[in-house]
Amino acid sequence: MSKSKLLIGFHAVTARLRHDARSIDEIYFEANRRDRRMQDFLKAAEAAGVRMIPADNERLRGIAGTDRHQGVVAKAEALSLALNLDELLDGIEGPPLLLVLDGVTDPHNLGACLRVADAAGAHAVIAPKDRSVGINTTVAKVASGAAETVPYITVTNLARTLRELQQRGVWVIGTADEAEQDLYRADFKGPIALVMGAEGEGMRRLTRETCDTLVSIPMAGSVESLNVSVASGVCLFEAVRQRSVVPAK
């Protein structure tokens, strides 16, 4: 195994079991747990032929580095979901749907965004190297397996990457509270890169200026903004809705 990583919790380990069980070196599980969820998990792991190691809570905490391990920790190969953005785009069938995060540095927010991206069928999450967080154990746990399925691509120059996407026919849509165009009036049916800024700060100036258009999420209550993962979900699933609508004959 050239490079390994920890998978912590039922969601992350189960996702890897389904995706590529052979890449799992070993799974540590809480020996004293006898509940149905653990029993079903152990059956799936044993059926996949993965090495299983019983452990007490203290050992699991030492391996995981946290008490929030749910009684399951795996050591597995670090998968490479995409080598670069060009390779990813070349392999996509149909119009790309990309989520771009500008300035999202909180691991819980990134994990939640990856989970939303997976649920919406987004092809990748893109972020600038200098204003992002890597896929660490917190991100992987919050993502509930999505860190194993959604390519996370970091780039050196985000504005340049957005221009390169535009050259490939991708429409870059940024989100801003003050944007005049309503999210639900925008066209998400073609190749789209949806750009989200950090909560409270929004997109950086150059990122904003590079976008083809800006949209806002209509807010009917008293709060002024949404968490970035919630806002990402609202926008991505509007794209899903538009792409799934069958034109009337």
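Start at 1 and count along the chain as shown; that gives each residue its number.
A Cβ is built for glycine as well, from the same backbone N, Cα and C atoms used for every other residue.
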Which of L206, L226 belongs with G197, I217 in the S-adenosyl-L-methionine site listed by Swiss-Prot: L226
Other C-beta atoms that fall within 10 angstroms of the C-beta of I217 (S-adenosyl-L-methionine binding site): 18
Maximum Cα-Cα separation (Å), residues G197, I217, L226 listed as binding S-adenosyl-L-methionine: 13
